[in-house]
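> According to TrEMBL, the protein has these features:
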type: ACT_SITE; residues: Cys471; note: active site, phosphocysteine intermediate
type: BINDING; residues: Asn384, Lys385, Ala386, Lys387, Asn409, Ile410, Cys471, Ser472, Asp473, Gly474, Trp475, Asp476, Arg477; note: substrate binding site
type: COILED; residues: 650-677; note: coiled coil
type: COMPBIAS; residues: 69-79; note: compositional bias 'Polar residues'
type: COMPBIAS; residues: 80-101; note: compositional bias 'Low complexity'
type: COMPBIAS; residues: 106-130; note: compositional bias 'Basic and acidic residues'
type: REGION; residues: 69-137; note: region 'Disordered'
Amino acid sequence: KMAHHGMMPQQMAKNAQQNVHLLASLSNESGRSKRADSMNDVQCSEGLVSALQTSADSVATESVASAMSGSLNSKLGQESISSGKRSRSPSKSYCSSSSTSTDHGTFGRDVESRGQSHKEAFSASRHEDPPLLNGETVQASSRDVTYICPYTGPTRGVLTVTNYKLYFRSIDRDPQFILDVPLGMVSRIEKVGGARSSGENSYGIELFCRDMRNLRFAHKQENHSRRSVFEKLMQFAFPITHGLQLFGFHLQEEYPVNGWALYEQVAEFKRQGLPTEGWRITKINENYEVCDSYPAVWAVPAAASDEDLRMVASFRSRNRLPVLSWIHPESQATITRTSQPLVGVAGKRCREDEKYIQYIMDANAQSHKIFIFDARPSVNAVANKAKGGGYESEDAYQNAELVFLGIHNIHVMRESLRKLKELCFPTFDDFRWLSNLEATHWLDHIRSVLSGALRVVDKVENNKTSVLVHCSDGWDRTSQLTGLSMLMLDPYYRTLEGFEILVEKEWLSFGHKFKHRLGHGEDRHSDADRSPIFHQFIDCVWQVTQQFETAFEFNENFLITILDHQSSCLFGTFLANSEKERVKEEIKLKTKSLWSYINGKKENFINPRYYPTKHVLFPLASMRHISLWLNYYCRWNPRMRPQEPIQLRFEELVVLKSQLEKRRDELQKEFIAKTNRSMSSSMISPSVLG
């Protein structure tokens, strides 16, 4: 009813708070009156929790509506308001250039002194140094620099470069405008104009960022400040190129939670019910000698010997032999992952590999068939034969059915995201929005990945058939498919902790090349290895959360935070290309985990509408049910932002929900105690009463 009557999120939160006070008042009155009925109180509390769920649903509705109804009014001048307080929290220093970005989970999550007037904030922070993290140092600073904002126009200020971020503070605006951008986000830096450039703001620096925006700053030639700023930006945006370490190795923050202890391979296998009669856990790769891009611990068919494993590995690209990702707790149908077989043009066969696939099939007593899902378009798979790769022949692999999923390669995805960035930033053509969006093909690719994952889920859940998934090398599209299918099949991965383990397991431990795909610290923006594969996976996860809004413990802010920090280089979680490289570089010893930060601030990342369920999710993968993630791709555009602080409302609802559930539990205990006393009184014998 609240949603239908158009109630705003602030009013709903206020009403919920009033309900809490009313509930407490009713409880006190109940204690004073012997005629009060405790059961009514319990029902009242449960009703309020239900009403809170409705409130949260209404907030979500408001979020979607407001995201599309923005205007270029007062929001244009509010890209950031400084609280004027020095901070050493990553969430404060690692912030965005948008005050409303906190509504939908970008960098600047902690906002202090909300009651302070804009004038007080402006004067208090005008002369302060930029907020620094422990381990962060100022490298260069230039006054009288102009930021060319594509929405509000030029603004003068002070530009500071640290070993972690670019920090710009305006000196001509009230409230103050602030840009706080991690240098890890920068993919390219260019000088604009030369010594002979004329015209206002024609001489400066432009930064091209991975978070869907570009930043341009104008310098005055007579100040001779551009060179020093440019050199420091190049040095610390691309430290690997300049022989330096990434900032994550310098961060000295302490967190109450150790995120590195979250994922333990054997413990996760045991959670899945392993070992079983058909599957065993092996540490044959403990020193990464069999496959240097695989984890140290595997689950493999119990019938396969260690020698079988080595033989099969030699027949698979990069030695990435089939190993277990997930096993169904009831049917024992499995999801295994691998890379393409090295059949080549001659169509070579490997008896050990064929026998090994039969072992996987035999470990599932529910089915005598296996589906091999090749993520590639069939044309690409055939072309790989010329390079020594290829695909499985159904003649060689008995009872196996090969299916091509038609998901394009890293180069196609990179170009698609480039077009999407051009569409979303800085401005867009409102009249051609839909046709221009279609021309990027980004949503087509999202649909292809989701559709492929759904086919895996269908075979495992409905057909009780085991599946084998691979692409070319098995570390890009394969991770997308196994990760998404496991998310749909297993409710544990839909919790906040479970999703973190899913990322650790299917992406990090199985060797997705984050270093190469993101180009951490390297000045090679045109590198052909770069591609938004993990980014695309997170987008697919967001699509599923939109269709099953109560099935996930985490919220949108959680997903955006992960995307932002995969590039920030603030944490060690996404550094390097494989588990072997992380062990060699001692990343767990020398850096902090992103999960340490997130799990220490869980209240910022919890979905207030979460309702645990064991159901398997079957999202619709048709284009009618897939949409552009506006709160991520268009978050810098004031016209595309939600006009209400939705994330803050969600956080308030999480607190209120917790309070109401606690009070409900208290009332239930009171009711049970009263019932027990009443039953005890009725059981007293008449002789005792006499």
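Glycine residues also receive a Cβ, built from the backbone N, Cα and C atoms like all the rest.
Automated prediction, rather than curation, is the source of TrEMBL annotations.
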> Which of the three DSSP states, helix, strand or coil, fits Asn384 (substrate binding site)?
helix
> In angstrom units, rounded to an integer, how far apart are the Cα atoms of Asn409 (substrate binding site) and the residue listed as 'active site, phosphocysteine intermediate'?
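For Asn409 (substrate binding site) versus the residue listed as 'active site, phosphocysteine intermediate', the Cα atoms are 9 Å apart.
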> Including all protein chains displayed, how many Cβ atoms other than that of Arg477 (substrate binding site) lie within 10 Å of its Cβ?
29
> Calculate the distance in Å between the alpha carbons (Cα) of Arg477 (substrate binding site) and Cys471 (active site, phosphocysteine intermediate), and round it to a whole number.
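Roughly 6 Å, rounded to the nearest whole number.
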> Would you report the average pLDDT that the model assigns to the coiled coil (650-677)?
85
> If one measures from the C-alpha of the residue listed as 'active site, phosphocysteine intermediate' to the C-alpha of Asn384 (substrate binding site), what distance in angstrom results, rounded to a whole number?
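Computed Cα spacing between the residue listed as 'active site, phosphocysteine intermediate' and Asn384 (substrate binding site) is 11 Å.
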> If H, G and I count as helix, E and B as strand, and all else as coil, what does DSSP give for Arg477 (substrate binding site)?
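Reduced to three states, the DSSP call for Arg477 (substrate binding site) is helix.
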> For the recorded positions listed here, Ala386, Cys471, which shows the highest count of neighbouring CB atoms within 10 A?
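Per the Cβ count, the most surrounded site is Cys471.
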> Looking only at Asn384, Asn409, the binding-site residues on record, which one has the least crowded Cβ, with the fewest other Cβ atoms within 10 Å?
Asn409
> Please work out the number of neighbouring Cβ atoms within 10 Å of the Cβ of Trp475 (substrate binding site), leaving out its own Cβ.
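The answer is 23.
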> When you measure from the Cβ of Asp473 (substrate binding site), how many other Cβ atoms are you left with inside 10 Å?
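Counting Cβ neighbours of Asp473 (substrate binding site) within 10 Å gives 19.
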